[in-house]
Amino acid sequence: MELYFVRHGKTQWNLEGKYQGGHGDSPLLSESMHDIGLLAKRLEDVEIDHMYSSPLPRAKTTAETLIKDLHRDIDLSIVDDLREFDLGIMEGRKFSELEREMPEVIYAFRNQPKDYDYDLIRGESFEEVAQRTTGAVQRIVEANNEKGSIVIVSHGAALVTMIQSLLGTKVDDIRKDGGLSNTSLTHLQYNDGQYKLVEWNETGYLHKKLESSDTI
């Protein structure tokens, strides 16, 4: 079974360097529609059996636009457990402001998950997100009888946690391969209960230099 994980297109808050979690949202930029079209070209030879998306508008719009650009009749299912981390009081705040106010928390979130003080920000832990999102993927795999090709559209931090957890990575090492960029593609294969990484954070089809605000 082939699983293609897509991070949503770049949004206004991404551009402004603001945290955008499970209880916040902002519109996709116009450039993101172009990028989603390029992603569709990348996937044009993949026989997609079903697409799944987080309910948050930035992900759902990415999925709907991708289906339109593929010019195919692909069913889209919305799965609540694919939503982004609950970021509590970090929601909608600028990266730069929070790095000044709570540098240890922000460093841990981005680099050292085992030290992330989610209680302080009244949010979700990496362990909670891992359990929630991997459970969703396992249900998706089972619903498709462990075969075919599916696309899952979700969010940066949730996807990193989800994918690394599926690969058996410990929470301490979830950030070992870095983050995921807007409109990126990460490809896993599933066979007999095991997940194998094929490609991490593929973005070459976008044909552009990525900015720091593109990746988390």
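Backbone N, Cα and C atoms are what each Cβ position is placed from, and that goes for glycine too.
A TrEMBL annotation is a machine prediction, not a hand-curated record.
In the three-state DSSP classification, T11 (substrate binding site) falls within a strand. Within 10 Å of the C-beta of T11 (substrate binding site) there are 22 other C-beta atoms, taking all protein chains into account. Per TrEMBL, substrate binding site is recorded for R7, H8, G9, K10, T11, Q12, W13, N14, R58.
Shown in sequence order, L15, Q20, S26, L28, L29, S32, N182 are the same-chain residues outside R7, H8, G9, K10, T11, Q12, W13, N14, R58 whose Cβ sits within 8 Å of the Cβ centre of the substrate site. Cβ neighbour count for G9 (substrate binding site): 26 (other Cβ atoms within 10 Å of its Cβ, all protein chains included). Summarising the substrate site geometry, the residues cited as binding it (R7, H8, G9, K10, T11, Q12, W13, N14, R58) extend over a maximum Cα to Cα distance of 15 Å.
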